[in-house]
Amino acid sequence: MTNSDTPADTASTSPPQAHATAPAQFPAVGAGTRAGSMAETGSISHGYVVGMFFLCFVFSYIDRQVVSILVQPLKASLALSDTQIGLLQGIAFTLCYATAGVFVARMVDRSNRVMLSAACVAIWAISTAMCGTATSFGELLVWRAGTAIAEAALSPAALSIFSDLFPPRKVARASSIFMLGPYVGGGVALLGGGALLGWMAAPDASAWLARHELHPWQMVFFVLGLPGLVLAALVALTIKEPARRGVPVGASEGAPPFQEVLRELFVRNRFCLPYFFGYVALILLFYSHSAWFPTMIIRRFGLSASEVGKLAGPIYMVGGMAGVVSASFLVGKVSDAGALRKVLRIAAWAATLLIPVACAAPLAPSLTLTLALYGLCAYAASIVMALAPVPLQIAIPNRMRGRSLALLVFLTNAISGGLGPYAVGGINEWLADPHTGLATALAIVGTIAAALSALLYWIATRRAASMEPVIRTESVAAGRAAI
């Protein structure tokens, strides 16, 4: 959950007062829930729905990450500093994303999720394309903010829809497929963006661009942004809003006050505070690498943007996808007893692995070793990210989960996305070394973030172990009905 993935408050199917202990987060739907058909998508198969939302998630990350491969041409064309680039990829994007996500959590519960998703895909596609018209830092900032605000709706809407379409055993699988989107999208942004940039710099293309007073980076924004309009139309026209299910008969439509959500998270569930900020630290590393690692390779090893895209893009995709698959496999082996502690422990080990890798990857002496360690970073980070929603889905009551996850997303985007890229850019400018400054800045920020994440996850694991008897006692009814 570049990390931002929050199912709606009513997306799960357990009773409001129960805490399911099984890693399979969705207790079976019984007679005590409002009817919700799993065949409410007309003639369109459920696999098609998952595939379409997966493609939307891929495109969201293409549009989000493409700036990382365009750093050098953007700096040259618009006279931007590394700090400004850090703002574009960090605070400007993530604060808008995080703030919008707070309001989206309610909209997902109350509105047509399919149409909401389609509208947001169209808006971010237009905003991404309009980045290609920017002539100043301010204009680029505005259009990037538009992209961020629109993208905030997709994950909570998609995950909520999945819970209404699928029986419990298949919800986790559908969500795992969806969660591959950031790694496929990020890889395509590097690979496709770099290839487009190289093609636009070819003599024939560059001559055409010169006649029309355009730069190659502008065409990259146009080409990657506008296809999203087609995707938005397909979502709106081919997917039907499924009936909602999982709310007990006779239950009030109103959700508990936010103060109760905070009390549940940070007073009753003592593991949540270190768990939240452990994930914040992990995502800080993720955003730092997404924003600056390709540029670091360009500067250290003298490669072009297209060359870096061809090399780093597939490695990023494979590493991230392998991590998500590994996380799904490991969670599948977790037994009901002690599920919360075991899930947190898996994440803690993955974060611990990141400490030496995050330090070594930017400073490795050869390009081959740098790329290999980059893939290992993506692998370990993606395990933690894939498991991020699970502790809350295990321990937090049904009608509090959407806002609990929305709060986690807000913190990761507001703190991690804002601070990570900005800190790397600022440290690099402070070091003032054009060859190794960026690599050193990435190593400093990455090592600190990974170490803090691992420490906090281990604390959360220990606290979860101490509260397991309470969870088991209060969730015995849900546990009997669970998968």
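Glycine too: its Cβ is placed from the backbone N, Cα and C atoms.
Feature annotations, courtesy of TrEMBL:
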COMPBIAS  1-16  compositional bias 'Polar residues'
REGION    1-22  region 'Disordered'
TRANSMEM  44-62  transmembrane segment
DOMAIN    49-464  domain 'Major facilitator superfamily (MFS) profile'
TRANSMEM  85-105  transmembrane segment
TRANSMEM  114-135  transmembrane segment
TRANSMEM  141-165  transmembrane segment
TRANSMEM  177-199  transmembrane segment
TRANSMEM  219-239  transmembrane segment
TRANSMEM  272-293  transmembrane segment
TRANSMEM  313-331  transmembrane segment
TRANSMEM  343-365  transmembrane segment
TRANSMEM  371-392  transmembrane segment
TRANSMEM  404-424  transmembrane segment
TRANSMEM  436-459  transmembrane segment
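Contact between the transmembrane segment (114-135) and the transmembrane segment (219-239) is supported by 3 or more Cβ pairs under 8 Å, counting only residues 6 or more apart in sequence.
Long-range neighbours of the transmembrane segment (272-293) within the same chain, counting only residues 6 or more positions beyond its ends whose Cβ lies under 8 Å from a Cβ of the stretch, are 2-3, 65, 67-68, 85-86, 89-90, 94, 186, 265-266, 312, 344, 347-348, 351, 354, 358, 361-362, 374, 377-378, 381, 384-385, 388, 391-392, 395, 407-408, 411-412, 415-417, 419-421, 423-425, 438, 441-442, 445-446, 449-450, 452-457, 459-460, 463. In this chain, the transmembrane segment (85-105) does not touch the transmembrane segment (219-239); fewer than three CB pairs sit within less than 8 A of each other, excluding pairs fewer than 6 residues apart. Ranked by the number of CB pairs under 8 Å to the transmembrane segment (85-105), the listed stretches 343-365, 404-424, 436-459 are led by 404-424. When pLDDT is averaged over the domain 'Major facilitator superfamily (MFS) profile' (49-464), the result is 85. Segment contact holds for the transmembrane segment (343-365) and the transmembrane segment (436-459), given three or more CB pairs below 8 angstroms at sequence separation of 6 or more.
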